[in-house]
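Trainee: TrEMBL feature annotations, pasted as is:
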BINDING   A:ALA36, A:GLY37, A:ALA38, A:GLY39, A:SER40, A:GLY41, A:LYS42, A:THR43  ATP binding site
COMPBIAS  A:545-564  compositional bias 'Polar residues'
COMPBIAS  A:743-752  compositional bias 'Polar residues'
DOMAIN    A:298-624  domain 'UvrD-like helicase C-terminal'
REGION    A:545-575  region 'Disordered'
REGION    A:722-764  region 'Disordered'
Amino acid sequence: MLSDTFQNTSSPLLAQLNEEQYRAVALPAEHALILAGAGSGKTRVLTTRIAWLLQTSQVSPGGILAVTFTNKAAKEMKLRLQSMLPVNVNAMWIGTFHGLCNRFLRAHYQLAGLPQTFQILDTQDQLSAIKRLCKQFNVDEDRFPPKQLQYFISGCKEDGQRPGDVTVRDDETRRKVELYQLYEEQCQREGVVDFGELMLRSYELLRDNVHVREHYRRRFRHILVDEFQDTNKLQYAWLKLLVGLPGEGSEGAILAVGDDDQSIYAFRGARVGNMADFVREFQVQHQIKLEQNYRSYSNILDSANHLISHNKTRLGKTLRTTQGAGEPVRVVESPSDFAEAQWLVEELRQLVKQDGFERKEVALLYRSNAQSRVLETALFNAGFPYRVYGGLRFFERAEIKHALAYLRLMENPNDDTSFLRVVNFPPRGIGARSIEQLQDAARVAGCSLHDAVSATTGKAGANLAAFVAMIDVLREQTEGMTLREIIDLVLDKTGLVNHYRAEKEGADRVENLEELVNAAESFVTQEGFGRSAVALPQALSQSPASQGLNMNVTASEARQSISESPRLFGSREDGDDVNEFSEDGVIMSPLAAFLTHASLEAGDNQAQAGEDAVQLMTVHASKGLEFDAVFITGLEEGLFPHENAMNDFDGLEEERRLMYVAITRARKRLYLSHSQTRMLHGQTRYNLKSRFLEELPEECLKWVTPKNAGFSNLGSSSGGGFGGGGAWGQTPAQNRHARPAWGQSSLSTETYKSPPLPVQKAEPEHGISAGKNVFHNKFGEGKVLAVEGTGTDARAQVNFPRHGVKWLALSVAKLTVV
DNA sequence: GCCATGCTGCTTTTT
DNA sequence: GCAGCATGGC
């Protein structure tokens, strides 16, 4: 029956789909969940679904909203869609959660209580704003580290909590909430929003404004959500508001696509549970599993399936392929991380020379960034081309942020974060003291730093006045200029370029600034607008509050004003004539649009096209990518699974999913590599091989090095028993300064790292070595996983059946071998 | 205002 | 082991 429809379809769009993909694409307009396994054609299904809906006239472009997590995914979706049918993708709302929220808030800035020119703080900006706040309110930064406050604030927002919503149980939380409140006030005063705020404010506007909510509910008939397993609490709540639960009389349908087995972002608030909640709350009748994998040979796939089957909490899914078994998965052991890197380089050479792999089709994956160094060194020394993903991206570079800060100040003089970034950069004789005085003046006057300048006096005052005048003059001068001209002028007049030209090591930075001009240029040509027209749409330009910055409009006042400006809504239902930057009516200047672009899109990690280099990245970064050959390195207990994650059940399951993601990146060949010793935090560590290696099907593997090589005598060469002298004899006094090794993340007070002491040459005398069973007074019997360090530095990692895995300082913990 | 030195902390990351 | 930052000296 189904296959009849399948065969009879007249649309070439659907012809290339397999049956399960077809069923997903041609689902009725009702809520549905697609469980899309790795390499199962998820993006194809999403885009074909949209194309099919449009082609069969079930919806007009304006009725589509598709949301992703990364700009890359959104771009990809638009691109594929455009290749499928002639459609103006800008009429649809396709973008990241934050991108769409930005679009939404730009259109309703008044209702959201924001100035029209609101700027977006990225993570760096947010942190510096918090630091500034802490200084201003004399916060003890030892008790409340700004980083931790940032984490707290972002966490609250991701849970949809305003300061008033947070449950306060202790003084510490009370203070944090206070600071959260102050931070919010600061942001509002300065006309800036952080990433969390984009989401939360959109959510609140939908929640509190029935007109807006109804408008969008009527408009969006099909909502498609990519990577649903990565949504956090707020994002899911946002979706619920946008669409409305069954019984709320709304007509939109959500198609959620996700893979619980690839949920690897719990640490940043992702809730896999949203998948089950979605099915329940939206009474989902249609669930489809995409299990046909088009990527890998079956040895690779079976390994992935077998591994992930060790997880208890899954929705359940098994990937299959019609490709053959392929090569076995190679498992390799090295004596050290250094040797591992050496071996890798050799193997890579062979792979390219003899086996005909392209370098850019090979990936070296690792659990944590710190592991890349030794690999890079080896590759560099061997002259082997490589590219490392991660690290600073284009718009995050200091020189770029400086340039952007000037541009932002021109747009929004109240942006104190930007003001402080460049007020004395390049140096112009404005020191810390004058800035402090200015900050005091601004505080007293309750105005921005920019506005407070006029009240300053003396020499410092003159310098400040000159700075502000420069910004103001630039703003006037650049009116009507093209974006390129604006940036050129700013780079010149502010002295930024000259500053870096004069610097010995500044060549790269100058180059990057030139690249910024190029980026602006291509932004303008790509997005198709040149002059800095500041035309406002009718409804907005007639509204009195749209003149200037309406920062004094409170959110509640703004909410009321909706009834006075009904023309904000309706009439543009189809949005066919709307382009990306007119934000459904609000036409932004090219500069404003470019600044938004810069904050929301930190820039691809510039994987330069055409460059044939082996790719180095974390497993996290590899999600969504695929390669002919993949090396997963550092497969050791403590590293992968990471020691911070293996103490609790959920953590371990997430690590396993991470491993699953890593394995499923490989098309043809997969290497799994581990090392007996590894340099970490400046110490050599002796790690057992990862448990994940034991969780793979033996018949798919080929142990290139003997399976249990090397471990037997590691660390067990201790001469004289134990319990006598040496480490055991240390007096407690020597451990007075012992402290938890991993700060707040360590729940176990038994985890100690002793203060550095002169290196002792003596072999360990404690008699503890990997593999032995030991007894601890409190934890009972456990198995030693690893031992590191010597003398008072010696630590053992022990797995206690009832208390989990712990690191114990041997000079503190009383361990006896049983 | 700039540079040197010392101290701390240390998984994963997108927007 | 090493980066990133804060502090302190000139």
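Just so you know, glycine gets a Cβ as well, placed from its N, Cα and C.
Please treat TrEMBL annotations as automatic predictions, because they have not gone through curation.
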Trainee: Using the structure shown, find which entry in A:SER40, A:THR43 (the binding-site residues) has the sparsest Cβ neighbourhood within 10 Å.
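Mentor: Per-residue Cβ counts within 10 Å for the binding-site residues A:SER40, A:THR43 bottom out at A:THR43.
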Trainee: When the number of other CB atoms within 10 A of each residue's CB is tallied over all shown chains, which of the binding-site residues A:ALA36, A:ALA38 has the maximum?
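Mentor: That would be A:ALA36, with the highest Cβ count within 10 Å.
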Trainee: Look up A:ALA36 (ATP binding site) in the DSSP assignment and reduce it to helix, strand or coil.
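Mentor: Note: A:ALA36 (ATP binding site) is in a strand by DSSP.
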Trainee: Other residues with Cβ within 8 Å of the Cβ centroid of A:ALA36, A:GLY37, A:ALA38, A:GLY39, A:SER40, A:GLY41, A:LYS42, A:THR43 at the ATP site?
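Mentor: Along the chain, the qualifying residues are A:VAL45, A:ASP259, A:LEU290, A:ASN293.
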Trainee: Counting every protein chain present, what is the number of Cβ atoms, excluding its own, within 10 Å of the Cβ of A:GLY37 (ATP binding site)?
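Mentor: Step by step: centre on the Cβ of A:GLY37 (ATP binding site), count other Cβ atoms within 10 Å, giving 24.
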Trainee: Does anything in the same chain, at least 6 positions from A:GLY39 (ATP binding site), have a Cβ under 8 Å from its Cβ, and if so what?
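Mentor: Once residues fewer than 6 apart are set aside, A:GLY39 (ATP binding site) is near A:ASN293, A:TYR294, A:ARG295, A:SER296, A:LEU319, A:GLU626, A:THR664.
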